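Chemist: Please find one structure pasted underneath; my questions will follow.
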């Protein structure tokens, strides 16, 4: 596998890491978002992004961040989710943000339904000792939306023309 192909796996790998971490802890650390931001900056010359493309992506990510903070202020999303969604928008570019948001909403709805069903069921005895499973099972628990953002981000990312080329 080429160095470019390995580099192309960076974004989805970190997104998946963030989604799994959110599932287990209901937290997306700032360092994960910063790693994605630095990775994006490093990828700019490698994939030949033009200055206008970078500026449009940055503007789009800023808009996503602004609307995300509005959602955060109403308690609809967590702060880590907002930052992860914004940095995913940066990576995916202005032309792919609508798909990112639509897929995030669909995956988020599916995740919410699955958690509602999970919370209505009796928890098997073998799962009783796992704190993260107990937290997910609590009826008043939140939804780890980083899982939906990660799934949507990976799906949209794999459709980008410069990602498919190295493989």
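Using N, Cα and C of the backbone, Cβ positions are placed for all residues, glycine too.
So TrEMBL lists these for the protein:
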type     : residues : note
DOMAIN   : 9-113    : domain 'Prepilin type IV endopeptidase peptidase'
TRANSMEM : 28-47    : transmembrane segment
TRANSMEM : 97-121   : transmembrane segment
TRANSMEM : 142-160  : transmembrane segment
Chemist: In the domain 'Prepilin type IV endopeptidase peptidase' (9-113), how many residues does DSSP assign to helix, to strand and to coil?
Modeler: 91 helix, 0 strand, 14 coil
Chemist: What mean pLDDT does the predicted model reach across the domain 'Prepilin type IV endopeptidase peptidase' (9-113)?
Modeler: 96
